Amino acid sequence: MTNIRKTHPLLKIINHSFIDLPTPSNISSWWNFGSLLGMCLIIQIATGLFLAMHYTSDTTTAFSSVTHICRDVNYGWLIRYMHANGASMFFICLFIHVGRGIYYGSYTFTETWNIGIILLFTVMATAFMGYVLPWGQMSFWGATVITNLLSAIPYIGTTLVEWIWGGFSVDKATLTRFFAFHFILPFMIAALAVVHLLFLHETGSNNPSGLNSDADKIPFHPYYTIKDILGMLLLLLLLMSLVLFAPDILGDPDNYTPANPLNTPPHIKPEWYFLFAYAILRSIPNKLGGVLALVLSILILALMPLLHTSKLRGLMFRPITQSLFWILVADLLTLTWIGGQPVEYPFIIIGQLASILYFSIILILMPLAGIIEDKILKLS
């Protein structure tokens with residue numbers, strides 16, 4: 001008798017995706033972050049659902065409802081901090097996942113890569129709207145500053161901003177619609193993740209060597225299921241340590257003050273995972289230029305397949321590009337630090353230099369290094 005998992009219409013799909021999936025035998029722990037992102041999404045949807053049961057999206061009661069969740073709801077504090085810090089874990093996994101894709105040349109799977117970029121934008125939009133919901137000072141002013149950037153769009157900008165706000169400022173209408181979008185988007189992310197996997201399974205996974213691994217495949221279960229579970233346990237350990245010992249370490253103290261349109265905080269800044277993009281935005285003195293740089297800082301990923309000049313796929317055997325990759329990582333950490341600093345000397349110039357370096361490495365230096373390495377290896 002054939003196994004039910006191979007014949008049943010629904011189980012068959014799961015079997016081909018997670019059980020009998022042929023997987024390269026040499027993929028390292030950097031390949032764990034896809035499944036970790038899946039776990040993060042499940043945690044966020046589960047905790048978010050329970051938070052939504054007690055939250056009210058009204059400017060007069062939003063802040064109080066979050067306080068009520070933390071004080072009066074059974075384990076409400078746990079759910080709230082798991083959700084807030086779960087977002088940080090989500091972005092840590094996202095950045096590593098994208099970094100792995102760049103390092104090992106996974107962007108050559110163009111469809112998978114492009115869906116991934118759409119996923120990144122969607123997750124960023126969801127996180128931004130979620131940050132507005134507690135209706136603290138940084139929620140309100142963050143929403144005001146970031147939505148206001150759209151007014152830089154010529155001709156339709158101002159109309160567009162007021163349309164998003166649902167009025168002439170960030171107010172009740174804005175909060176209500178942000179809550180609605182924040183609730184629906186994670187389900188769209190889940191659907192996109194399925195499409196992401198669908199395209200990945202058309203080609204099969206990449207591997208650290210960048211070579212074709214068809215000759216050496218192993219079943220996903222039990223080898224990689226057990227490996228993924230180990231990764232999940234380690235991530236849960238990190239998340240729960242954060243939640244139980246230092247839940248506010250990544251948050252902004254200003255968000256414990258209820259939103260007040262009459263009082264601007266001295267330093268308006270987004271959550272830590274947006275600081276690199278915020279630093280790039282601020283490094284250009286022109287509003288429209290800054291907005292374009294902000295969008296391009298992420299959209300530049302879509303150019304990766306076109307900018308690939310080397311005959312070799314990954315960076316495993318390419319020391320020059322390897323060095324550039326790690327300089328890029330250091331540069332992004334520098335930008336993250338600058339994004340959290342006030343706009344004054346020397347931070348302005350450091351931010352501008354780091355922004356120039358960011359675009360130069362991706363657009364000019366890495367493609368050049370690829371050509372040089374091919375010449376050295378006599379591949380061209």
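Glycine residues also receive a Cβ, built from the backbone N, Cα and C atoms like all the rest.
Features of the protein shown, as given by Swiss-Prot:
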- 33-53: transmembrane segment (TRANSMEM)
- 77-98: transmembrane segment (TRANSMEM)
- His83, His182: heme b b562 binding site (BINDING)
- His97, His196: heme b b566 binding site (BINDING)
- 113-133: transmembrane segment (TRANSMEM)
- 178-198: transmembrane segment (TRANSMEM)
- His201: ubiquinone binding site (BINDING)
- 226-246: transmembrane segment (TRANSMEM)
- 288-308: transmembrane segment (TRANSMEM)
- 320-340: transmembrane segment (TRANSMEM)
- 347-367: transmembrane segment (TRANSMEM)
Integer Å distance between the CA atoms belonging to His83 (heme b b562 binding site) and the residue listed as 'ubiquinone binding site': 30
Cβ contacts under 8 Å made by the transmembrane segment (77-98) with residues that lie 6+ beyond its boundaries: 30, 33-34, 36-37, 40-41, 43-44, 47-48, 50-51, 66, 69-71, 116, 120, 123, 127, 130, 235, 238-239, 242-243, 247, 250-251, 271-273, 301
Proximal but sequence-remote residues of the same chain as His196 (heme b b566 binding site) (Cβ under 8 Å, at least 6 apart): Thr112, Ile115, Gly116, Leu119
In contact by Cβ distance (the transmembrane segment (178-198), the transmembrane segment (347-367); 3 or more pairs under 8 Å): no
Tertiary contacts of the transmembrane segment (288-308) (same chain, 6+ residues out, Cβ under 8 Å): 98, 102, 105, 107-108, 110, 113-114, 117, 120-121, 124, 149-150, 152-154, 276-278, 280-282, 355, 358-359, 362-363, 366-367, 370
Residues near His97 (heme b b566 binding site) in space but at least six apart in sequence (CB under 8 A): Phe33, Gly34, Leu37
For the transmembrane segment (113-133), sequence-distant contacts whose Cβ falls under 8 Å of one of its Cβ atoms, 6 or more beyond its ends: 55, 57, 62, 66, 87, 90-91, 94, 98, 101, 106-107, 139-140, 142-143, 146, 174-175, 178-179, 181-182, 185-186, 188-189, 192-193, 195-196, 199, 270-271, 273-274, 298-299, 301-302, 304-305
Of His83, His182, His201 (the binding-site residues), the residue whose Cβ has the fewest other Cβ atoms within 10 Å: His201
